[in-house]
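*Asks:* Here's a structure for you.
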Amino acid sequence: MLLRSLTSAFVLSAGLAQAASSSNSSTPSIEIKGNAFFNSESGERFYIRGVDYQPGGSSNLTDPLADASVCDRDVPVLKDLGINTVRVYTVDNSQDHSHCMKLLQENGIYLILDVNTPTSAISRYDPACSYNADYLQNVFATIDTFADYDNVLGFFAGNEVINSVNTTNTATYVKAVVRDMKKYIKARKYRQIPVGYSAADIVANRQLAAEYFNCGDEADARIDMFGVNDYSWCGESSFVVSGYSTKMKLYQDYSVPVFLSEFGCNQVKSSRPFTEIEAIYSTQMSSVFSGGLVYEYSNETNNYGLVQIDGDKVTKLTDFENLKNEYSKVSNPEGNGGYSTSNNYSTCPDYEKGVWEANNTLPAMPSAASAYFTSGAGSPMGTGIATQQSCDAKDDDDEEDDDTSSSSSSSSSSSSSASSSSESSSSTSKASSSSPSASETSLLKSAASATSSSQSSSKSKGAAGIIEIPLIFRALAELYNLVL
């Protein structure tokens, strides 16, 4: 019976992969040259003009790309906005995404996807524990699910994992995930899909973080793209007052594409005017930045929404019309935008206690995960799996003592601009996101509890005991003399 189920999973995966490759052939993949994105067919410079898209909130376990009715409702609205890219924070890798991905492709919209979920991510409390084979199985299964879609622009290995000076040690494990993802993509013979990191704009370590993820002699361990969550331009600001001029200097020698993975300060009296669009898509910034994504599509509790959703009804807010107007009137720079062809990667920052505590020697990939490189990740486990459950459990006491930390890094941190300081005097408070804050711990705990209700005996095994299917999968394969 189990073998029959696993065989069925193989057939389903093959069918979805075939649907993916046949549905997106008309969408040219995006490739990287120097520090810029380019259309692989036309050769034109590609600038991200997008929005962050996660109806229900970015720490929600709901997958917006697995519900055909949601995509039928929202994609025409996204098309009307004039965008070419969406960023999605959480997906269920066990679901069928072919309808939504095809609809996005038909409307010229690319996807940047975070591979983590609120219950499967690198834990800030114990990154070493959460970096385990079961976590990587979930990451690799997400890659398997989406890699055949040409309109997947890239994957984020982490989002705002480093949200304070005290969490810089987690960078070591996120960088290991970058390495593992890039090696997995190569081993599975997928096209060269960019893998990056989305950073909080924290003055104390933003330069160190950028350098760290782009340093070292091992190319697979260096990111392909760097996203910055930046809320420094508020209202009718300017290139200098907002601090954008400082960011230009900071990243001017960066060898991979840099873009704003979240932007759109809402600390304004009424609606957001989005005057920063004129700067972002100008020759003043195009030599370094490749566009950005506005936070966010749907209006949630933090009031950053462009639209209000009520069932199947979408109401466009004033912010939507303002952004649409800015996108429509501001063209991309002509030619290649002055991009750099330099491939000089950064020098690794030195370890310094209390300042930068990331190690330049990365941990070896968990040995149990090596089988996935030849066989694939196996059956996707979806959002019901909690790969950091044992890590969170042993840190319960720490959670009670530290209200400001978040327990995972799957989406954005609960207060992006509070942690992401800038030269601008304003402070933004982006309240929902992928790395649940202490106030959101109950969501993560509930999901973990639901997952473990029938697996209470696994706790003694550590994180490796949480996902059993892949181990059984490998054992059966070996029994039938399959090469893994």
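Here the Cβ of each residue, glycine as well, is placed from N, Cα and C on the backbone.
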*Asks:* Of Cys215, Cys265, which cysteine does Swiss-Prot list as the disulfide partner of Cys234?
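*Replies:* It is Cys265, per the disulfide annotation in Swiss-Prot.
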*Asks:* With Asp201, Arg206 listed by Swiss-Prot as (1,3-beta-D-glucosyl)n 2-binding, which of these, Glu160, Glu236, Glu276, is given for the same site?
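*Replies:* When Swiss-Prot describes the (1,3-beta-D-glucosyl)n 2 site, the candidate it includes is Glu160.
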*Asks:* Do you know which of Cys100, Cys129, Cys348 Swiss-Prot records in a disulfide with Cys215?
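*Replies:* In Swiss-Prot, Cys215 forms its recorded disulfide with Cys348.
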*Asks:* Round to the nearest Å and give the CA-to-CA distance linking Asp201 ((1,3-beta-D-glucosyl)n 2 binding site) with Asn159 ((1,3-beta-D-glucosyl)n 1 binding site).
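*Replies:* Here the two Cα atoms are 11 Å apart.
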*Asks:* Among the disulfide-bonded residues listed here, Cys234, Cys348, whose Cβ has the fewest other Cβ atoms inside 10 Å?
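*Replies:* Result for the disulfide-bonded residues Cys234, Cys348: minimum number of other Cβ atoms within 10 Å at Cys348.
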*Asks:* I'd like the Cβ neighbour count for Glu262 (active site, nucleophile), meaning other Cβ atoms within 10 Å of its Cβ, all protein chains included.
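*Replies:* So the Cβ neighbour count for Glu262 (active site, nucleophile) comes to 30.
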*Asks:* Give the distance between the Cα atoms of Cys215 (disulfide bond) and Tyr295 ((1,3-beta-D-glucosyl)n 1 binding site), rounded to the nearest whole Å.
*Replies:* 29
*Asks:* Restricting to the chain of Cys100 (disulfide bond) and a gap of 6 or more, list residues whose Cβ falls under 8 Å of its Cβ, or answer none.
*Replies:* Pro64, Leu65, Ala66, Asp67, Ala68, Val70, Cys71, Val75
